[in-house]
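Remarks on the structure that follows.
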Amino acid sequence: MNEQSDLDLGLSLPIMEHFYTIQGEGRHTGTSAYFIRIGGCDVGCHWCDVKESWNPDLHPVSSAEEIAKMAVKHSKTIVLTGGEPLMWNLSPLTSILKELGCTIHIETSGAYPMSGTIDWICLSPKKNSLPLKEIYEKTHELKMIIYNQHDFIFAEEQAEKVNNEALLYLQPEWSNREKMTPKIIDYVMKNPKWKISLQTHKYLNIP
Ligand SMILES: C[S@@+](CC[C@H](N)C(=O)[O-])C[C@H]1O[C@@H](n2cnc3c(N)ncnc32)[C@H](O)[C@@H]1O
Ligand SMILES: Nc1nc2[nH]cc(C(=O)O)c2c(=O)[nH]1
Ligand code: SF4
Ligand SMILES: [Mg+2]
């Protein structure tokens, strides 16, 4: 089979980078995990901290089996991120990872259909390209990025859509953190259903 059909089937994926680190954000902050960053995203957040991931053609293609075998050498907790990982069919990769005994987390905007077997869904909705309806029911944590004042309104709108069990996080957009972090602290104290999430890996200078 050719490379394009393997990509279409999710038998291979464009991998921007993969690394063993500590989850820096959200509910699993502080937990060691192997990150697989899949290239390709067309959501276009102006403050995205991995714009290099956007063009999938710039990233080498690896087979799902190769990626999975390499990842489990380091950790049984895997974080799939990107780019937008749901642009790809994640069934082959996640089924191999599950056979190898892994717990699989995903970081997603929810703008593309769910695929694969995922144990923990971190949904981070974007105004440019709203999540598809199906993901709100399945979300474990909602992580809203706060860049400006209007983002608090958007966060509340998205919180209305997720299931009642979902944990709710507000995370300062990194370049505007000095301005927005105090506002988030104030907001969380007034609205205790929310928690603050910081990009702790950036403070720790780790990947
Ligand atoms: C780079 S994205 C990749 C996964 C997916 N495309 C998404 O946006 O959820 C990983 C996480 O980083 C967040 N993020 C991206 N740029 C950020 C920034 N400048 N400041 C804070 N969080 C950011 C995203 O909202 C998402 O929760
Ligand atoms: N340490 C660490 N934690 C993270 N949590 C989400 C990340 C991501 O870019 O998806 C990320 C990341 O890039 N590094
Ligand atoms: S959806 Fe995620 S990867 Fe895509 S531009 Fe936005 S933050 Fe970056
Ligand atoms: Mg990141």
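A Cβ is built for glycine as well, from the same backbone N, Cα and C atoms used for every other residue.
Because TrEMBL annotations are produced automatically, they should be read as predictions rather than curated entries.
Listed by TrEMBL as binding S-adenosyl-L-methionine are W47, C48, D49, S124, P125, K126; the candidate from G83, G101 that the record includes in that site is G83. Nearest by CA distance to K126 (S-adenosyl-L-methionine binding site), out of the binding-site residues Q23, R37, C45, C48, P207, is C45.
A Cβ within 8 Å of the Cβ centre of C41, C45, C48, the residues given for [4Fe-4S] cluster, is found for these other residues of the same chain: V43, G44, V50, K51, S53, W54, E84, S109, K126.
Of the candidate binding-site residues, I22, G24, R37, P125, P207, the one lying closest to C45 ([4Fe-4S] cluster binding site) when CA atoms are compared is P125. Most buried of the binding-site residues I22, C41, C45, C48, judged by other Cβ atoms within 10 Å, is C41. For ligand 3, the neighbouring binding-site residues among C45, K126, P207 are C45, K126, by Cβ distance under 6 Å.
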